[in-house]
């Protein structure tokens, strides 16, 4: 069984080793997608150097977004009170792993690399996930809803500003946008609580900072 989808009980040492392996794979490695990339439906376009750099910057931002999603979900999983919620988070995390792999592949095709700050992005998101989980399951789901809604909005913006000929990147983001919206809806239906107004604003501010940095570094 895939490591991140396993729900059987482990010893503390086993759990630590599994978590360490998963973090290393997410932050420094290349997680394997369980589904083929949507980009495969389109040929790799010939982009100008300027367009290639721009597309790479956008895809690096989206790659970081998926790194953050992994951190958030697994931080929440670590302290989830109910097995049903834990399974819900793990299922969403698997789709996010596919997104991460697709973005990584596209970055490679664009002759670029992931953000150098991925360890920071992951660790800060993991701590946010733990914090959200400790508040209780309804609040934890509320963080999922807000995160996915914000991601959905920035994906829509990226779809509008990608180089017109970059159909491969565009199709990846289109599929991701659909699935992020579904994650938000599922969390909402599972009993998410609406976050108080200062929290979404703070999350949006942190996301803007991440985008500025990740576009270049």
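Just so it is clear, glycine is given a Cβ too, placed from its N, Cα and C backbone atoms.
Per Swiss-Prot, the features are:
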{"type": "BINDING", "residues": "66, 96, 99, 180", "note": "Fe cation 1 binding site"}
{"type": "BINDING", "residues": "96, 148, 180, 183", "note": "Fe cation 2 binding site"}
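For the pair formed by residue 183 (Fe cation 2 binding site) and residue 99 (Fe cation 1 binding site), distance between Cα atoms is given as 13 Å, rounded to the nearest Å. Look at residue 183 (Fe cation 2 binding site): DSSP puts it in a helix. For the binding-site residues 66, 96, 99, 180, a Cα to Cα distance of within 10 angstroms from residue 148 (Fe cation 2 binding site) holds for 180. Taking a C-beta cut-off of under 8 angstroms and a sequence separation of 6 or more, residue 66 (Fe cation 1 binding site) has the following same-chain neighbours: 96, 97, 99, 100, 103. Excluding 96, 148, 180, 183, which define the Fe cation 2 site, the same chain contributes 69, 92, 95, 144, 147, 151, 152, 179, 181, 182, 184 within 8 Å (Cβ to the Cβ centroid), listed in sequence order. The DSSP secondary structure for residue 99 (Fe cation 1 binding site) is helix.
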